[in-house]
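Here the structure is laid out as structure tokens; the discussion comes afterwards.
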Amino acid sequence: MGSVIHHEKKERWFGLRGGWLTFWITFACSTDMTLFGYDQGVFSGVVISDDYLTVHGLQGTEHTNLLSIITSCYNLGCFLGAIVAFSVGERLGRKKTILVGTAVMSVGAALQTSSFSPAHMIVARIVSGIGNGINTSTAPVWQTETAQAKWRGKLVILEMMMNIFGFMTVNWINYGLSFAGGAVAWRLPLGLQFIFIVILFATIPWLPESPRWLIAHGRVEEAELIIADLENKPVDDPYVVAEKREIMFSVQYERENAVRWRDLLRGRAATGTKTMRRLMLGVGTQVMQQFGGINIMSYYMPTLLIKSVGLSDSMARLIAACSAVTYFVASGVATPLVERYGRRTMMLVSTAIQLFCFLLLTILLYFAQKPDYPYQHQVASASVVFFWLYYMGFGLGMLGIPWLYPTEINSLPMRTKGAATATAANWITNFLVVEVTPIGVQNLGWRFYIVWTVFNAVFIPIIWLVYPETADRTLEDLDAYYRENPPLFVTRDPDATSRRRPAKYIDMQQRDIAKASGRDVELAVGVEHKA
């Protein structure tokens, strides 16, 4: 038997174990998120290409609304993709779901690159969005469920850093190709999506499935081997056995206390683990991310700099590209901080910086747009600083945590659905922000920025009052926390707000390891024999 296990070790995952196996899972997930960021930025350069506008018959101001529809329909596709992930993701598993999403994105990329009409491009954008919605709902879950607790937050934030790397890269590609003529200026950036697609198809198939998903679907022995490989320990190591038992217990507890979606929607979910509350906390992070104002900047920064600040077209493009570099650097700084200071603190700091920036932008642009004010140019120039500072503040916390938090806070059987629901909320609010921004800037001027100032001011007490800390907890710790029927407001509960793992969960895990090392009878939760 020992020789068989040794042989399997050599064959699985090309012999990779421990940190190297986690590295390749992270590489695949990060590639997916880089493609996500690339897609977010690529079309901003396409829609201003003279060749693109001529080929598609979109030249002239009378086609502005159609251009807006072509741009924003991508977000509706992403919303539909999140719904698809919600519906089938738990049945397919994490890996297969991402592969399906990548296949859909490859079709969308081919359609975009070969587009010759507005209808063609609209279909292409929606198809690409569906694939991206599927992938962005699933990749963070796969990463979360295969990473050790001490690395989980850093790795998901690293993925979002790579998202901004993709966004930054395509901004500079668009800027550079703006000096080129003909179809290459827009077809080449769209075609470069296939670099990331090929990498995903080359890596995901040979990497391990989530052991938590496998246990939830009765494949316990396979999950046990993967846990051992991820931890770089023997399959009968007490830690591996204890980890398997914790997951099995959580799965069985959720099954015994499960509620149907109709019960959730009717408020009849008070049967054990606060399913609806946990779902809404995850959704709330994504809603706060979008209504915090990020996609005002991401989609329309050149427009804002031209219309609100008064910069020239070329200078606005250059500043937008440079801002993307600042954005990338800030997202990198966030990677170690999210574990050191925790999710709550980083969300609060990030939102406070966003509030400060929008408040100052409102004041400065009020004076910049005030008739006969003698220093209009000076205050308009000063406002550019706060566009840059906003990117830095957002990158520190509200960039990555809304993608991480739903994968942590939801219970195991709800994790795919919870992440997909949160992602769907992200895309539908994203669509709303992208649609109202041009209208708001045109009709409200400086007053438009008051809206986002108020939103950020409201989000700070919400985060402080109701969001428990998830840093330095295992996913099973969070299930145990909600089995204790905690109150909605967390500020008076040290176990809910401490950045450090509560002692009671450490003691619980040590007891489980001690039992495992004593070769206790297998935990009778009825999971292993479930089909």
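Yeah, the Cβs are placed from backbone N, Cα and C, and that goes for glycine too.
Annotated features in TrEMBL:
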type	residues	note
TRANSMEM	20-38	transmembrane segment
DOMAIN	25-471	domain 'Major facilitator superfamily (MFS) profile'
TRANSMEM	66-88	transmembrane segment
TRANSMEM	185-207	transmembrane segment
TRANSMEM	279-302	transmembrane segment
TRANSMEM	314-334	transmembrane segment
TRANSMEM	346-368	transmembrane segment
TRANSMEM	388-406	transmembrane segment
TRANSMEM	418-440	transmembrane segment
TRANSMEM	446-467	transmembrane segment
Ask   = Looking at the transmembrane segment (446-467) and the transmembrane segment (314-334), are there 3+ C-beta pairs under 8 A, with each pair at least 6 apart in sequence?
value = no
Request  = Could you pull out which residues elsewhere in the chain have a CB under 8 Å from any CB of the transmembrane segment (314-334), counting only those six or more residues past its ends?
outcome  = 41, 157, 160-161, 163-165, 167-168, 171-172, 174-175, 178, 297, 301-303, 305-306, 346, 384, 387-388, 391-397, 399-400
Request  = Determine which recorded stretch among 20-38, 66-88, 279-302, 346-368, 418-440 has the most C-beta pairs below 8 angstroms with the transmembrane segment (388-406).
outcome  = 346-368
Task = Average the per-residue pLDDT over the domain 'Major facilitator superfamily (MFS) profile' (25-471) and send me the rounded value.
result = 87
Note = Tertiary contacts of the transmembrane segment (418-440), defined by C-beta under 8 angstroms and 6+ residue spacing from its ends, are 68, 71-72, 75-76, 78-79, 82-83, 85-86, 89, 129, 133, 136-138, 140-141, 278-279, 282-283, 285-287, 289-291, 293, 295-296, 299-300, 303, 402, 406-407, 409-411, 448, 451
